[in-house]
Amino acid sequence: MVAVTVYLMVILAQAFAGPCTPNKADVILVYCYPRTIITKIPECPYGWEVNQLALGGICYNGIHDSGYYQFTIPDLSPKNKSYCGTQSEFKNPVYHFYNSIVSNDSTVIVKSQPVNYSFTCTYNANYLVNQAAFDQRVATIHVKNGSSGSFESQLSLNFYSNAKFSSIKEAPFVVETSEIGSDIFAGVEAKGLSDRFKVVLNNCWATPSSEYFYQVHWPLITKGCASDFSIVVHENGKTNRATFQFNAFRFQNIPKLSKVWLHCETHVCDSEKFSCPVTCDKRKQRMEQTGGVLVAEISVRNKGLSRFYMLSDVIFHLLFAIGFCAILL
């Protein structure tokens, strides 16, 4: 009985309570996460209660949060009402997502000034991932606050035990000399992004240095396709993971270097606006053979000269990605 009485008193207090104190601060805080967008405005803007404000004019999902009204777009993919009227467009190489918080009172007369808090989140589509990877595990996921977001922190390169790409090899990844020519399975994966975004590998190459622009390099993937027939691209642009395999190799005539660094230009593709899967014409892929030994062209941009090195240690094709370095003994 006491509990019921207290509950009724709370209801009556709310019923007779006056409107909130108007706040005329034109401020909006925007947090652009890889999958979610959160916005905050000062509570009681120009006298409006939180239940009178709608995200995109659709979602009345505002909550009180320490002096602010907070609104959330839980997923950047338009499904049901979770998208909350968010609009998007692609202006190469940036994705733009924009929406607004608007007043939407259904009463006969309105005494508060209408409000419209517009906001935008932008995300780059292209990333060059080239960190040393064999001594580093999956990249730590973090986000950047503000009006500009990034997908880069969600990208990582993993090594797998076989072509099923189900079992990840632990770092550090070491290739023994006796394993030169053996299959290596790799995948660039994006975690925590909306399902609408697919991972596309544009170009992948290997260098004997951590510098992605090092003059000695070997191409693995060019314009989304395998550089030769010994490299197999399993998936590219179909899911949140792009996978491929190649034969382990080492660079010749490179003294005092035992590491191979991998680099990939990675594109995050919006499958709701574009066709993301990469289609390759195998007739355009060429492989040179001399006496059954593969010949690889390595550009050595030294004084404008270009030289060729012969890799006689078995199939010499590697080059993968996004900053993981294989230690070859």
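In case you wondered, yes, glycine gets a Cβ from its N, Cα and C as well.
Taken verbatim from Swiss-Prot:
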DISULFID  Cys204-Cys264  disulfide bond
DOMAIN    19-287  domain 'ZP'
CARBOHYD  Asn80  N-linked glycosylation site
CARBOHYD  Asn104  N-linked glycosylation site
CARBOHYD  Asn116  N-linked glycosylation site
CARBOHYD  Asn145  N-linked glycosylation site
LIPID     Gly304  GPI-anchor amidated glycine
SIGNAL    1-17  signal peptide
Look up Cys204 (disulfide bond) in the DSSP assignment and reduce it to helix, strand or coil.
strand
What's the number of neighbouring CB atoms sitting within 10 A of the CB on Cys204 (disulfide bond)?
32
Within 10 Å of the Cβ of Cys264 (disulfide bond), how many other Cβ atoms can you find? Include all protein chains, please.
30
Collapsed DSSP category at Asn116 (N-linked glycosylation site):
strand
